[in-house]
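Beneath this line is the structure, given in structure tokens, with notes to follow.
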Amino acid sequence: MTDHALLLVNLGSPASTSVADVRRYLNQFLMDPYVIDLPWPVRRLLVSLILIKRPEQSAHAYASIWWDEGSPLVVLSRRLQQQMKAQWTHGPVELAMRYGEPSIETNLLKLVAAGHKRITLAPLYPQFADSTTTTVIEEAKRVVREKKLDVQLSVLQPFYDQPEYLDALVASARPHLQQDYDHLLLSFHGLPERHLTKLDPTGNHCFKNEDCCKNASAAVLATCYRAQCLRTAALFAERMGLPDGKWSVSFQSRLGRAKWIEPYTEARLDELAKSGVKKILVMCPAFVADCIETLEEIGDRGKEQFREAGGEELVLVPCLNDDPQWAKALATLCERAPLAL
């Protein structure tokens, strides 16, 4: 029996659309120091304030996009897991969520108990960020350390510029981009600017000029989420043969009053509508599975906002989800994952 297991990890979801389940999920998510990178007392106070109203608001949003089978993110991730079982021939393929269930700890313990001493951990995030990639890796390391697991852990690296990922993205999006449209907006998840500046290895590059991300050195690019997003967008546009002016980049899901990376998706939708754009396509390449940020934030609220600003039609291009070419690409990428523990 082969013993090289694969553990796919996505963000997670509330167990249901009930306010109690959403509150529990948001508390776990927002109390992660890699998500809100403030000292514990400040973070606890801030999250407590957020949890006064946000759970009810978010529960309503989740209910508007919830499927009969459950959370779209979890359902689509499980479908990808099934696709991966045919692509990953070295051992079992399990699925974990960083927040909620099934947890990273539960799955690591399950795999080790079954005799698998080599596991590839696959954070399903194309671009690197502490709040996504790092927190998954650190949680896995915590489990290995605290449970004293005898296991070799390899970790899938960010794949924002890898040909396999880009080719799958192009193949998935092409049918949608063959229709008539005025503009393509590539909307990535946003982050507070401080999440980027604190990782700048030079200490004097991030946000020092408008083209800092375009001119990032290899050392800066390795940990700069915004630069990686722009690189993904540019490589995608190049592969699709999109002319300048036909596409642009924005960042969504801003939370709180801190300065986040720009341009903001909400502002960009208004600008495009008021500039005469009538039909817009929106892709969300930071997500490999459709979720509340794509289906509700863009597909529902973004569509309404665009129309109110003067646009006529917003079409959300689906994420990679369980696309067979994406599953094949992911298996290839995981084959190259370097040893971490």
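Just so you know, glycine gets a Cβ as well, placed from its N, Cα and C.
According to Swiss-Prot, the features are:
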type	residues	note
BINDING	His189, Glu293	Fe cation binding site
Cβ neighbour count within 10 Å of Glu293 (Fe cation binding site): 19
Assigned conformation of His189 (Fe cation binding site) - DSSP reduced to three states: strand
